[in-house]
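K.L.:
Before we start, here is the structure in question, set down as structure tokens.
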Amino acid sequence: MTHTPNESSYDLIVLGTGPAGGTVARRCARAGARVAVIESRVPGGTCALRGCNPKKVLALAAELVDWTDIAGGKLIASDPATIDWNQLRDFTSRFTEEVPDSTREGFAEDGIDLFVGPPTFLDPHRLRVGDSVLRGERICLAIGAQPVVPDLPGIEHAVTSDDFFDLPTLAGKIVFAGGGYISMEFAHLATRAGCEVDVIESNPRPLDGFEPELVDALVERSQRAGISFHTDRDLKSIEKAGERYRVTMGTSHTEAHDATLECDRVVLGLGRAVDVDGLGIESAGLTKDRGFVVDDHLVCVGTDHIFAVGDCAQTSMPHLTMAANVEADRVVAAVTRALGLEAAEPRLVATSNQVPSVVFTAPNLSRIGLSEQDARERYADLRVEEGDRSSWGTVKKRGETHARYKILIADDSDEIVGAHFLGPGASEFINLIALAMQHGIGASDLAKTVFAFPTFGTDLPKLLR
Ligand SMILES: Cc1cc2nc3c(=O)[nH]c(=O)nc-3n(C[C@H](O)[C@H](O)[C@H](O)COP(=O)(O)OP(=O)(O)OC[C@H]3O[C@@H](n4cnc5c(N)ncnc54)[C@H](O)[C@@H]3O)c2cc1C
Ligand SMILES: NC(=O)c1ccc[n+]([C@@H]2O[C@H](COP(=O)([O-])OP(=O)(O)OC[C@H]3O[C@@H](n4cnc5c(N)ncnc54)[C@H](O)[C@@H]3O)[C@@H](O)[C@H]2O)c1
């Protein structure tokens, strides 16, 4: 083995400091591995710095305004609450400001060497970062994904979710391109902040993958909150029009019906993609498709010592923080075992169908497991419990008008194979269903379970009977 003079050797080199990389690095270091982490940006990862956590602060503000709006004249006097963007943005930044230092401190506590800068593979075991060359017995890619910015005329006028948290103003008319999680959550905030809001989505409805009836109900509720939808429409171009922007939308099928919208800001929510620019993946023999192509053990195809985990790995797992943590735990077990250390077994275990997700609109939309369409293809004995909870006391007490559910049960085995909720309690129900799905609690046992009254939990057994 030849070493360059400033080359350091490690048992494990991790690329990325998000939930996936952070977990792999710290748990392996605590198990006794000599670990280096390379981060190309400020340490902390998407979730903590420009994703879930700051987004949840914004979503809380949207929910609060919405709740005072729908409960005004009932639970409280009807003066509407308002959002002061400067105050909200500054409050949100308090939660992100501390992340880089606390990430650095956490790594230091665990004896991990942190290198900040863009890395490049020199060969399958060695990476250059700045002036340093690091050699890793094992390497773990946890580089996440970046907002998709398509090559369209005028795209430089748009901002991404990364920029949204620091916008100098949240006012006027905002066009969100794409109708996925990011646009829907930010659109719900923006309309509650008094903006005029439009969402452009190339599919017939936003939030592909969520149950169509529940999405339709959320769209109706969103429209009532002031959001306009342009479905079956693609973002085509953006032009500067004085102080404003002119957005052109095509249809997904023909150019015959282009339409334009004038607005003050365009925000992209067109998905996220893995960016390997400058990483030199060919020197490491890596294959990338939508993400790094891995085998069932999260080992990159074409290698026997490089793992990929979280948003950058091409697996059936959704691109969510807890899914990244589940995969990270599997890699920790594999790496510690391979290094001959005491194997650190996974703390979190779930299949892709057992990972719940919530869209933090007001009201929330949640899902776990299969859609009804997929479940019908797999289960001849499928039982579907579905309905509208908007007349139920727990919903009406809050002043909410839109609340639906759909629970999918394989009748012979009593197994819950999918569940979908919109409205008050959606994020509580989905966790109870996740508990049942992850630990083999059948629908009829869940239907007999006693929860504290009056919480949303007490509605769940009734939805299953
Ligand atoms: C606006 C927004 C809201 C979200 N809300 C939620 C939510 O509510 N719930 C939820 O579960 N998920 C949410 N997500 C998704 C969640 O953030 C991701 O699934 C999660 O962060 C994935 O973790 P990761 O460790 O794989 O990647 P990341 O957290 O993206 O971390 C990857 C790290 O690698 C670094 N990196 C990139 N390239 C390189 C390189 N070449 N070399 C070294 N380092 C590199 C990046 O800078 C980053 O620090 C949200 C995402 C966004 C954008
Ligand atoms: N609450 C959460 O858990 C949460 C929140 C935000 C983000 N995320 C994660 O981040 C990922 C990225 O979020 P996202 O909202 O950017 O992506 P997304 O994949 O959820 O949605 C992108 C949407 O853009 C549409 N689209 C694509 N190109 C278009 C075009 N040219 N014109 C119009 N519409 C177009 C797609 O049809 C799709 O509906 C999510 O898939 C999710 O994994 C999770």
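Placement of Cβ uses the backbone N, Cα and C atoms for every residue, glycine included.
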K.L.:
Which residue in the list Cys28, Cys47 does TrEMBL annotate as forming a disulfide bond with Cys52?
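P.N.:
As annotated by TrEMBL, the paired cysteine is Cys47.
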K.L.:
Among Glu156, Glu201, Glu211, which residue does TrEMBL annotate as binding NAD(+) together with Gly178, Gly179, Gly180, Tyr181, Ile182, Ser183, Met184, Glu185, Gly271?
P.N.:
Glu201
K.L.:
Taking ligand 1 as the reference, state which of the recorded positions Cys47, Gly178, Gly180, Ile182 have a Cβ closer than 6 Å to one of its atoms.
P.N.:
Cys47, Ile182
K.L.:
For the domain 'Pyridine nucleotide-disulphide oxidoreductase dimerisation' (355-457), give the DSSP counts of helix residues, strand residues and coil residues.
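P.N.:
The composition, in the requested order, is 31 helix, 30 strand, 42 coil.
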K.L.:
Could you measure between Met184 (NAD(+) binding site) and Lys56 (FAD binding site) for me? Cα positions, answer in whole angstrom.
P.N.:
13
K.L.:
Suppose the NAD(+) site is Gly178, Gly179, Gly180, Tyr181, Ile182, Ser183, Met184, Glu185, Glu201, Gly271. Which further residues of the same chain have a Cβ inside 8 angstroms of that site's Cβ centroid?
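P.N.:
Sorted by sequence, the hits are Phe176, Val199, Pro206, Leu207, Gly269, Leu270.
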K.L.:
When you measure from each Cβ to the nearest atom of ligand 2, which of the binding-site residues Gly178, Met184, Asp311 fall under 6 angstroms?
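P.N.:
By the Cβ criterion, which requires under 6 Å to ligand 2, the hits are Gly178.
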K.L.:
Which whole number of Å gives the largest C-alpha distance between any two of Gly178, Gly179, Gly180, Tyr181, Ile182, Ser183, Met184, Glu185, Glu201, Gly271, the residues noted as binding NAD(+)?
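P.N.:
For the residues that bind NAD(+), the greatest Cα distance is 14 Å.
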